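To start, the structure itself, in structure tokens.
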């Protein structure tokens with residue numbers, strides 16, 4: 001009954017004009033940003049994070065979560081209309097969405113994508129609502145050794161999965177982990193603060209996020225006049241048939257359910273993300289189809305598989321983020337930062353102590369699906385107009401917003417300088433094949449891993465090894481971690497990984 | 001004097017991030033060397049891992065370097081290895097934007113938020129090639145007012161008045 005009471009309290013807490021306003025605004029802005037290619041969900045959430053400084057924790061998290069979810073909606077619009085995914089997780093949507101648009105079925109393709117996203121997302125959040133309490137109970141049994149290994153696993157999986165050069169990705173993660181240890185240590189000492197009082201609390205996560213995720217992309221965008229080839233902008237604007245697409249999505253219930261489950265499961269695994277979910281689901285849908293050769297040529301099932309999985313992934317990722325404090329994706333890493341900024345510590349205790357807030361967040365995410373369907377269905381095609389903005393207008397606007405957003409957190413220029421520095425670092429890393437996202441993950445998880453290891457040493461002292469070898473979950477995590485690390489190093493030393501198949 | 005091939009220049013560029021990593025490591029331990037054992041364990045583990053990975057990466061770069069030198073002869077003197085103009089222009093623009101952003105924060109308290117935001121936007125538009133006078137005046141102006149209003153009223157940010165405080 002206690003869980004039900006918390007769910008009811010949480011659901012009722014969002015029924016205010018102010019909260020509904022932030023749900024709608026988050027959905028709207030997320031969709032606009034999502035429709036702009038090159039701006040990922042992580043980037044969108046990082047860019048809009050400063051807007052939440054003065055909000056209540058509930059409204060702040062609801063706003064950012066709606067942005068996070070809406071980006072995949074928006075990304076599907078440009079994927080279908082322009083063959084350019086708005087976000088990486090929409091890449092698989094373009095495989096069949098754009099051919100459908102070229103056949104004059106843009107509206108139907110949009111309707112399929114929107115309906116599949118809504119259904120996948122709703123099921124995923126219902127699963128989250130029903131399951132988060134149980135997962136939190138299990139996570140309560142995790143000790144510092146388990147949390148330490150989970151934090152490392154979050155960085156390691158990102159480096160080992162879907163990267164062309166695992167060694168570069170691991171170096172990126174290691175840099176991030178080391179940066180994450182700057183500041184006050186649990187022992188009371190100040191570590192590597194370089195004489196700056198602004199670093200006593202550690203490197204602020206907002207400048208890192210904005211620098212690595214936003215500024216890096218802006219610096220890369222300078223080489224293009226427009227984000228999308230202007231030739232593709234002509235035509236493809238006809239969107240009649242959206243509602244036909246809505247109905248047609250229900251013709252594929254097996255695909256829909258299977259892809260949703262794939263999305264949820266992949267979302268649960270730290271640091272994997274919606275891109276992997278969408279690609280995996282698409283691949284499985286093609287392999288199990290009676291007409292696999294029709295995929296890539298306008299098969300509606302391809303859109304359904306990709307979109308339901310990439311949206312369902314958000315529920316799984318949020319489960320991992322809220323209960324374990326380990327980000328399930330880059331965007332949820334930003335959400336972790338938001339939690340920290342608002343004085344909340346993610347983990348099983350959050351679910352136990354802030355149940356109404358957690359269930360309010362999940363309720364808002366479910367409600368937001370309704371608004372997103374409405375906004376996307378009614379205005380979706382209009383968002384593609386945002387792609388006609390020249391980069392010489394877009395870049396300065398986003399850059400000044402980023403600068404002010406970094407400054408506004410503590411009203412100190414130091415944070416803006418930090419953002420500029422991380423932006424430059426991120427650009428250099430991306431230029432030479434490293435992974436700025438791994439740095440972000442490392443910074444987020446470095447302090448967690450460090451604190452938990454110190455706790456292990458304080459609790460077990462000279463018998464610290466018992467924490468890893470005598471606790472079954474910790475032992476399993478350690479084996480997984482070592483296996484992933486060994487595999488990544490082997491591939492880095494003796495052969496490059498193949499890129500994930502499209 | 002023979003110039004190096006483009007591939008070897010690229011490999012030299014590959015050393016940038018490892019060099020940054022090593023420099024950061026050195027700076028970090030110059031600060032953190034006197035800490036207690038517990039405070040040094042995790043950063044120590046990460047640092048050792050990073051060193052090993054950087055060594056592996058440098059070995060790979062070295063292998064590629066020698067393979068390229070054997071496969072592709074060094075260009076003769078006079079043959080252009082110049083990077084295309086577009087790439088130089090992009091690099092200059094990126095550098096200019098970052099310098100503008102830094103200057104903006106350096107002058108932030110003295111000139112004030114409104115002037116700095118306006119000048120940054122104006123400068124950034126010019127750097128990126130915008131030449132339409134109407135846009136150069138209107139866009140920075142409108143965005144300055146909008147952003148200052150948004151951040152001060154909605155986000156309660158503290159923006160310095162700068163030279164406006166003199167009036």
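Note that Cβ sites are derived from N, Cα and C of the backbone, with glycine treated the same way.
No curator has checked TrEMBL annotations; they are predicted automatically.
Residues annotated as transmembrane segment in TrEMBL: A:20-49 (among others).
What TrEMBL lists as domain 'DUF112' is A:20-440.
Annotated transmembrane segment per TrEMBL: A:61-82 (among others), in sequence order.
The transmembrane segment feature in TrEMBL is assigned to A:109-128 (among others).
Taken from TrEMBL, the feature transmembrane segment covers A:140-161 (among others). Residues 169-170, 172-173, 176-177, 269-272, 276, 324-327, 347-349, 352, 435, 437-438, 441-442, 445-446, 448-449, 452-453, 455-456, 459, 467-468, 471, 473-474, 477-478, 480-481, 484-485, 487-488 of the same chain, all 6+ positions outside the transmembrane segment (A:140-161), place their C-beta atoms under 8 angstroms from a C-beta of that stretch.
The feature transmembrane segment is assigned by TrEMBL to A:167-185 (among others). A Cβ distance under 8 Å defines the sequence-distant neighbours of the transmembrane segment (A:167-185), meaning residues of its chain 6+ beyond its ends; these are 155-156, 158-160, 191-193, 199-203, 208, 429, 432-447, 449-450, 454, 485, 488-489, 492-493.
Counting same-chain residues at least six beyond the ends of the transmembrane segment (A:197-222), those with a Cβ under 8 angstroms from any Cβ of the stretch are 38-40, 42-43, 46-47, 49-50, 179-180, 182-184, 190, 330, 333-334, 337, 340-341, 391, 394-395, 398-399, 402, 405-406, 409-410, 412, 414-416, 418-427, 429-430, 436-437, 439-440, 443-444, 447. Sequence annotations record features per position, and here TrEMBL assigns transmembrane segment to A:197-222 (among others).
With a threshold of 8 Å between CB atoms, the same-chain residues lying at least 6 positions outside the transmembrane segment (A:261-285) that come near it are 41, 72, 88-93, 95, 120, 123-124, 127, 150, 153-158, 161-162, 255, 295, 301-302, 304-320, 324, 326-330, 441, 500-502. Here TrEMBL flags A:261-285 (among others) as transmembrane segment.
Here TrEMBL flags A:324-345 (among others) as transmembrane segment. Sequence-remote contacts of a segment are chain residues at least 6 beyond its ends whose Cβ falls under 8 Å from one of its Cβ atoms, and for the transmembrane segment (A:324-345) they are 40-42, 44-46, 49, 52-53, 57, 60-61, 64-65, 68, 71, 139, 142, 147, 150-151, 153-154, 205-206, 209, 213, 267-274, 313-314, 316-318, 354, 357, 409, 437, 440-441, 444-445, 448.
Among the features that TrEMBL reports, transmembrane segment is placed at A:357-379 (among others). When Cβ-Cβ distances below 8 Å are used as the criterion, the transmembrane segment (A:357-379) is approached by residues 6-7, 9-11, 13-14, 19, 23-24, 26-28, 31, 57-58, 61-62, 65-66, 69-70, 73-74, 77, 110-111, 114-115, 117-118, 121-122, 125-126, 128-129, 132, 242-243, 246, 314-315, 318, 322, 344, 350-351 of the same chain, each at least six residues removed from its ends.
The transmembrane segment annotation in TrEMBL covers A:391-408 (among others).
Look at TrEMBL and you will find A:434-453 (among others) tagged as transmembrane segment. Long-range contacts of the transmembrane segment (A:434-453) within the same chain: residues 42, 144-145, 147-148, 151-152, 154-155, 158-159, 163, 168-181, 183, 185-186, 202-203, 205, 208-209, 212-213, 216, 271, 325-327, 330, 333, 336-337, 422, 425-426, each at least 6 residues beyond the stretch ends and with a Cβ under 8 Å from a Cβ of the stretch.
Here TrEMBL flags A:473-490 (among others) as transmembrane segment.
Cβ atoms under 8 Å from those of the transmembrane segment (A:391-408) belong to residues 36, 47, 49-51, 53, 206-207, 210-211, 214-215, 218, 221-222, 224-227, 415-416, 418-420 of the same chain, restricted to positions at least 6 beyond its ends.
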